[in-house]
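*Asks:* Submitted below is the structure of interest, expressed as structure tokens.
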Amino acid sequence: MAKKDYYQILGIPKSAEEREIKKAYKKLAMKYHPDRNQGDKTAEGKFKEIKEAYEILINEEKRSAYDQYGHAAFENGQSNSTYSTFTNSADFSDIFGDVFGDIFGGNRTQRAKKGADLCYNMEITLEEAVKGIKKEIQIPTLQKCKTCYGSGTRTGTKPRSCSTCHGKGQIHIRKGFFTVQQSCPTCHGKGTIITDPCNLCHGQGRVETYKILSVKIPPGLDTNDRIRLNNEGEAGANGAQSGDLYVQITVKKHPIFEREGNNLYCEVPINFTMAALGGEIEVPTLDGRVKLKIPYETQSGKLFRIRGRGVKSVQNRNQGDLLCRVVVETPVNLNEQQKNLLHELGNSFHGFRGEKNSPRSKRFFDGVKRFFDDLTR
């Protein structure tokens with residue numbers, strides 16, 4: 001049975017360039033791949049045709065021979081092996097890897113593997129978070145070996161190219177009608193072999209050590225904010241780029257202030273005479289004390305805003321506010337004279353339902369009375 005023309009199989013003209021061949025192959029291989037057509041013998045046969053056509057046309061020498069002699073150019077020299085290892089078919093593996101990813105072509109060389117990122121948890125006080133601070137930290141890490149400068153070899157020597165993968169770090173294995181790409185078992189994907197390792201790092205190119213860094217904390221950071229320090233993570237393998245260091249911020253609980261966004265909150269206790277008659281008190285801020293006027297007849301829970309005494313925004317440098325919540329404190333440990341004065345004051349209110357002096361109390365008890373009246377109807 002006559003074989004079908006390779007150009008027709010891929011649906012391309014005989015003048016097609018390399019990029020057109022790859023594009024056509026990617027489209028057809030994705031459509032007819034056995035993993036997408038399980039149990040479909042027709043699709044399996046079609047995929048074999050597509051693969052065979054691609055391997056011939058993507059190779060300049062084979063394509064030239066095919067253009068001159070057709071299928072006869074390969075009838076005597078074609079391999080019947082169903083399992084063969086080869087290392088010089090990069091074009092096919094690259095295109096196959098583009099289509100099917102890590103399953104068939106995802107194990108790339110490990111020669112330039114970036115170092116791992118590190119995370120450091122830093123606790124700071126609220127004052128430090130608001131004003132900013134510079135702190136020194138010590139972190140365990142892997143650093144580039146100072147003896148071999150990351151090469152892993154003894155001074156004056158170099159790694160030799162792996163003879164199995166010819167320095168590529170990967171090999172390709174043909175199994176039946178498809179090809180599998182995997183890391184080279186000899187060099188473990190590095191592409192090179194160290195025969196004379198460095199005495200300090202023993203061929204690893206990196207050594208375990210502690211690194212001391214000075215970290216600048218800008219004003220305005222809050223819990224769960226992170227600072228990224230580029231290239232301060234672990235050194236990369238084989239002299240590759242270092243990873244990054246992330247400093248995770250946790251702000252300690254403050255005994256007076258609570259933070260919400262860029263605003264600070266605090267509770268300020270006042271006695272009931274101050275609440276009733278008004279006056280002036282001093283309240284704390286992170287920059288010192290400030291005076292706060294309490295108007296007469298102030299109720300417990302009222303919020304007073306002191307502008308510009310909060311936290312500066314780390315984004316736009318706008319300053320938040322300090323909000324003071326007044327808590328009216330009931331007096332305790334009263335002496336007889338004080339108790340008598342309070343009794344006298346209470347009598348002057350004409351009872352606790354006084355409409356004029358305690359409007360909230362009157363509204364409450366009027367509501368209670370209506371509630372019970374409704375129950376007894």
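Every residue, even glycine, has its Cβ placed from backbone N, Cα and C.
Feature list, courtesy of Swiss-Prot:
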type	residues	note
BINDING	C145, C148, C198, C201	Zn(2+) 1 binding site
BINDING	C162, C165, C184, C187	Zn(2+) 2 binding site
DOMAIN	5-70	domain 'J'
REPEAT	145-152	repeat 'CXXCXGXG motif'
REPEAT	162-169	repeat 'CXXCXGXG motif'
REPEAT	184-191	repeat 'CXXCXGXG motif'
REPEAT	198-205	repeat 'CXXCXGXG motif'
ZN_FING	132-210	zinc finger
*Asks:* Which stretch from 145-152, 162-169, 184-191 shares the most C-beta pairs under 8 Å with the repeat 'CXXCXGXG motif' (198-205)?
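*Replies:* Selected stretch: 145-152, with the most Cβ pairs under 8 Å.
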*Asks:* In terms of DSSP three-state secondary structure, what is the assignment for C165 (Zn(2+) 2 binding site)?
*Replies:* coil
*Asks:* What is the nearest of the binding-site residues C162, C165, C184, C187 to C145 (Zn(2+) 1 binding site), using the Cα of each?
*Replies:* C187
*Asks:* Distance between C165 (Zn(2+) 2 binding site) and C198 (Zn(2+) 1 binding site) at the Cα atoms, whole Å?
*Replies:* 24
*Asks:* Helix, strand, coil: count each for the residues of the domain 'J' (5-70), based on DSSP.
*Replies:* 51 helix, 0 strand, 15 coil
*Asks:* What same-chain residues, at least 6 away in sequence, bring their CB to under 8 Å of the CB of C187 (Zn(2+) 2 binding site)?
*Replies:* C162, T164, C165, G169, I193
*Asks:* With a radius of 8 angstroms around the mean position of the C-beta atoms of C145, C148, C198, C201, what other residues of the same chain does the Zn(2+) 1 site pick up?
*Replies:* K146, T147, Y149, G150, S151, G152, T153, P197, N199, L200, H202, G203, Q204, G205, R206, V207
*Asks:* State the count of C-beta atoms found within 10 angstroms of the C-beta of C145 (Zn(2+) 1 binding site), not counting that atom itself.
*Replies:* 23
*Asks:* Measuring Cα to Cα, tell me the gap between C148 (Zn(2+) 1 binding site) and C184 (Zn(2+) 2 binding site) in whole angstrom.
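*Replies:* Given the Cα positions, C148 (Zn(2+) 1 binding site) is 25 Å from C184 (Zn(2+) 2 binding site).
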